[in-house]
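First the structure, in the form of structure tokens, and then the observations on it.
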Amino acid sequence: LFAQNRIEVSGGELRFSKLVLEDSGMYQCVAENKHGTVYASAELTVQALAPDFRLNPVKQLIPAARSGKVIIPCQPRAAPKATILWTKGTELLINSSRVTITTDGTLILQNISKSDEGKYTCFAENFMGKANSTGILSVRDATKITLAPSSADINVGENLTLQCHASHDPTMDLTFTWSLDDLPIDFDKSEGHYRRASAKEAVGDLSIFNTQLKHSGRYTCTAQTVVDSASESATLTVRGPPGPPGGVVVRDIGDTTVQLSWSRGFDNHSPIARYIVEARTLLSSKWKQMRTNPVNIEGNAETAQVVNLIPWMDYEFRVLASNILGVGEPSLPSSKIRTKEAAPTVAPSGLSGGGGAPNELIINWTPTLRDYQNGDGFGYILSFRKRGTEGWLTARVPRAESLHYVYRNESIGPYTPFEVKIKAYNRRGEGPESLTAIVYSAEEEPKVAPFRVIAKAVLSSEMDVSWEPIEQGDMTGVLLGYEIRYWKDGDKEEAADRVRTAGLVTSAHVTGLNPNTKYHVSVRAYNRAGTGPPSPSTNVTTTKPPPKRPPGNISWTFSGSTVSIKWDPVVAKAEESAVTGYKMLYRQDSHSAPTLYLASKNQLDIPVPEDFTHAFVQIRVTGPGGDGIPAEVHILRNSGTSMMVEDSVTRPVPHAVVVTTNSLAMVALIRYLEL
């Protein structure tokens, strides 16, 4: 077999030349070494077929555009490969300037004209036989762009329409496609930026809304039919704020300055006018514009000094570029740096004091914020002396969060004025000193009691207390006010209730007392050190409570522009205070302001407007013990006279009674309500 020189084994490959049908069969490859043997098999099938167009005939109707090019494949099934010939009608075609027959049998016609229409037949032949297949070439009008898009230059956010009109063979459908920098535009994924401007078949205009920088580039409009296409392009330039600068580097770090450098970003088709430097600290995530040297950083600069920084503070920096169209995106933040330490530059604030125990001076201040500490080892230095003396005493408070200092000395008298100053320090030095403040040492309780205390019962549960004040000269401190103590007869003073006033007020109104009860009352002055001695106590007895029974048997009559309301008198019981009169609260409706009427007897005449329809009325007794429980009446008017009788004592639960006559409808609601 190998002697025939058609089969060759080379490097593990089995090669055949000039195959014949007898070469068909199973072939096995054997590989072996000292470790063993492996096998691999394959089947070779040698075919011999006459040309056959049944699977791939020449297309029956072949449309082509005038002046265009058409490619007609000829791909019969054949083994061995068939020889291909082409004819137009009876004319044998050969390669020329307009006709090309490729090695695989494909026919290519170029610069097509109407005379090229006709029947084209592909002939295929091998030693097994021959076959042919025919198609008809139909020449159509070429597709042409009649209105091409024009290049444009716009700003970010503006809208634009790129025009594209075309002519084509009317027997064929025309479609338009657009691409940006050779990438097809997907209208469904454009987020509303791209839209087709017209539904007309010959118009393919592209509208671009709210243009962004990413929309810059080369736009190509393609008008296409099944036989040909035509394209035209235009360039769109979208101008916008500059892109972010790059590579922000911090160097030459001082206590209040650093030097920044950066690389220029894209100008986005509009020259960079200036740069802005921003920074943030560990105290805030908000970026703030910083002062720089130079103050205005020109667009051609790539370095600047940042000034007025806080010493001993962690910073990040970023740079923004701007042009006539706005400020661009910021650069990435720089690496975090810490400025160098420096002595404090701001004096602590809020210097005050006072209070405490005897022989103490308490000095308070507002702790200095981290922004103003300027370095490690932060603390405070206090200077103080009695007002009018020469020498200063000093004290160090070595904690930044401290907010007060206590100085104790037996020589410190009560409420003695001291001059006090404060300054901050850290390991770099001391800062400026504050202004001098006057702080007083601890006060003593008042030594003098108020006098001429008068207590007067006002109602069954209330009383008014007044007194003569103590003189400020009798105080070793600041009078904060007075404390009223009151207790029931028979109780101990230690169980007394207390009410405090503020400032120089010399009277108080006390509530929440028990009716018809004797009370003892005393008054003391107080300051920050405590309360002083009591005044001599005085006595007061609260009045009896008002009658619990509301007015009953309420009736009313209308006469012209007046309604006359009557009720049964209320008689006080032995444990109740006397009735000295009645109060009536009158409202035209639920939204109007009420009017208060006072009556010494059990009757009142109320003026009403001519268009009066209804009113709400509350009636209650009044006397030394205060006001009683009200009876509430809702009056509805038609005409005439009527009377409603209601026993509120025997029916304490709120309810309604309706009495109707030929002339008047009335609804009476008796409620236990506060006026």
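The first residue you see is number 1, and the count goes up from there.
Placement of Cβ uses the backbone N, Cα and C atoms for every residue, glycine included.
Positions annotated as domain 'Ig-like' by TrEMBL: 51-138 (among others).
Feature annotation from TrEMBL assigns domain 'Ig-like' to 143-237 (among others).
Residue counts for the domain 'Fibronectin type-III' (244-342) under DSSP, split into helix (H, G, I), strand (E, B) and coil, are 0 helix, 46 strand, 53 coil. Sequence annotations record features per position, and here TrEMBL assigns domain 'Fibronectin type-III' to 244-342 (among others).
As annotated by TrEMBL, domain 'Fibronectin type-III' applies to 347-444 (among others).
Sequence annotations record features per position, and here TrEMBL assigns domain 'Fibronectin type-III' to 449-546 (among others).
Per TrEMBL, the feature region 'Disordered' maps to 528-554. In the region 'Disordered' (528-554), helix, strand and coil residues by DSSP number 0 helix, 6 strand, 21 coil.
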* Structure fact -> On average, residues of the domain 'Ig-like' (51-138) score a pLDDT of 94
